[in-house]
Ligand SMILES: NC(=O)C1=CN([C@@H]2O[C@H](COP(=O)(O)OP(=O)(O)OC[C@H]3O[C@@H](n4cnc5c(N)ncnc54)[C@H](OP(=O)(O)O)[C@@H]3O)[C@@H](O)[C@H]2O)[C@@H](O)CC1
Ligand SMILES: [K+]
C-alpha cells in the first residue's frame, strides 16, 4: 500500500475555499466551537511569535471576521492592548455576529491612520469567502500597516489559485486554519503570505477523512520510493534508456548521470553512431548503443525511456513516435515538447511530460485561468502526468490530483537542471512507481539535492553538483514511519 493510500497524505492536504466551505457545512453544529478554537489558536500563535504590543484587528463581515473578533478577545484577556476596526459588520444573527457581540473592547474606525498607529495589524477582513476584487478602502488600510498577520489568507488572495485580486500588502505571517491553501504556495500569492503557519483546529478525524482532497503539498507522505533490499539486482532496480542527439550531448548526459546516481540499476544511451565516441569520452561509464532504435526496442527490459533532452526536432520526430508505438513508458522533455508544439496529440501515450511555462504555452496555448487548473486540464486532455516546472512546480495527474512542490531552491534555475529531473523521473518509473508518484518524488528529490548542493556552494551550483547529492536526497525522501 502506498503512503498516499494509507492516509498519511492527509497531513499535507491543501484545502481549497470550496473544501473549507463544504467542511463548514458538515460541521455546522460544532462551528461555534471551531471558530472559538480558530481565534484562540491565532492569538496563541501570535503570542508565540511576538512580545505584547498594540494590536489592531481588522474584521470583515464573514467567518474570517468572526475568527478576528475571537482572537481580539483572547489577546485582550491576556493583557495585550487591542482594538478592532470593522470594515463591515457581520449579518445580524450570524455566527460572526455572535462573536462580534462578545467583543467588549475598543472599536476604532476602519481608516489607514488607525492601521498606521498599530504595532501589529491582524487581517481578518476576507478569507476563503473572498469572491471579488479587493475594495480600495481595504487596499489603502493595509498599505498603511506596518506588520500584518493574516488569518487564513491575506485579504485579496485567492486561496485556490494564488491569484491576487488587487493591491495586497505583503504580510509578515499567515495563519492557515486546519491546513494550508494552494494559494499559500502558488505564485504570486506565495510572495505576499510571509511565513505560513498552520493552526490545528482539532477537527474530528471522521470529517477530515470525508474530505475529497485533490491537491497536496508535495512531500514524502504522498509516495514511497522503493528501498534497497537484499535481493536487489540491476533489473529489479530498473533499466532506463535515454535517447541522445547528434549535437547537444550535455543534456542527454545530464539525464543519464541523474538516473545512475539516484539508483537506477542500468542506464543506457541510444545515440547516432557518428556521435557515439563523444558520448563515450564524456562519460567512460556510459553504455552507449548505436544500433537502430527499432533494434533497441526489441529488448523488453528497456521499458522506460527519456526522450527530448538534447534532441533536435528531426531527432524527436524519429524517436518519440517509435517509442510510443512500441508501448514504452516515456518521459518527454525539451526537444520532444518543441517538436509536439502545434500537434499536442502526438504526446498521447507519453507517461510524463516536463514542460516549463514557455513549453507549456506552446503546447496548450496561452494561459487562461490559473496554472493549477491549466496543468490539471492538460493532464486530463493528454491522459499524461504533467510536471509544470517553476518556483512552484505542479505535478498534475489525469485524474485531477495535483501536488504543489515548493521543496526547491532558486539555485536550480540553471540550464541542465531540467535534464537532471527527466532522468530522475525515468529512474523512479523504472523502479516500478506509478507515473504521478514517480514524477512527484522526482521533483522533491531534485529539490532536496538542489538544496544540499546549494548549501555547499553558497547557492551557485551547476547541474553536475546535484549528482553526488542524489543518493542522500533519495534517502531523505523515504516515507516517514
Ligand atoms: N473550515 C474552516 O477551515 C474554517 C473556516 N473558518 C473561517 O471562515 C472563513 C471563511 O468564511 P466565509 O465563508 O464567511 O468568508 P469570508 O472570507 O469571511 O467573507 C465572506 C464575506 O465577505 C464578503 N466579501 C467577499 N469578498 C468581498 C469583496 N472582495 N469585497 C467586499 N465583500 C466581500 C461576502 O459578501 P457577499 O458575497 O455575501 O456579498 C461575505 O459577506 C475562513 O477563511 C476562515 O477564516 C473558521 O472560522 C472555522 C474553520
Ligand atoms: K484574512
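Heads up, the Cβ atoms here are built off N, Cα and C, so glycines get one too.
Record check, TrEMBL: AMP site residues include 389, 390, 391, 392, 393, and the candidate from 365, 416, 418, 423 also listed there is 418.
Of the residues 86, 94, 155, TrEMBL places 155 in the same K(+) site as 64, 123. Of all the binding-site residues listed here (123, 152, 392), it is 392 whose C-beta has the fewest other C-beta atoms within 10 angstroms. Here the CA atom of residue 356 ((6S)-NADPHX binding site) lies 9 Å from the CA atom of residue 393 (AMP binding site). With a cut-off of 6 Å between Cβ and the nearest atom of ligand 1, the binding-site residues 64, 152, 155, 356, 390, 391 reduce to 64, 152. Neighbours of residue 390 (AMP binding site), defined as other CB atoms within 10 A of its CB across all chains, total 16. Nearest in space to residue 128 ((6S)-NADPHX binding site), taking C-alpha to C-alpha distance over the binding-site residues 155, 391, 392, is 155.
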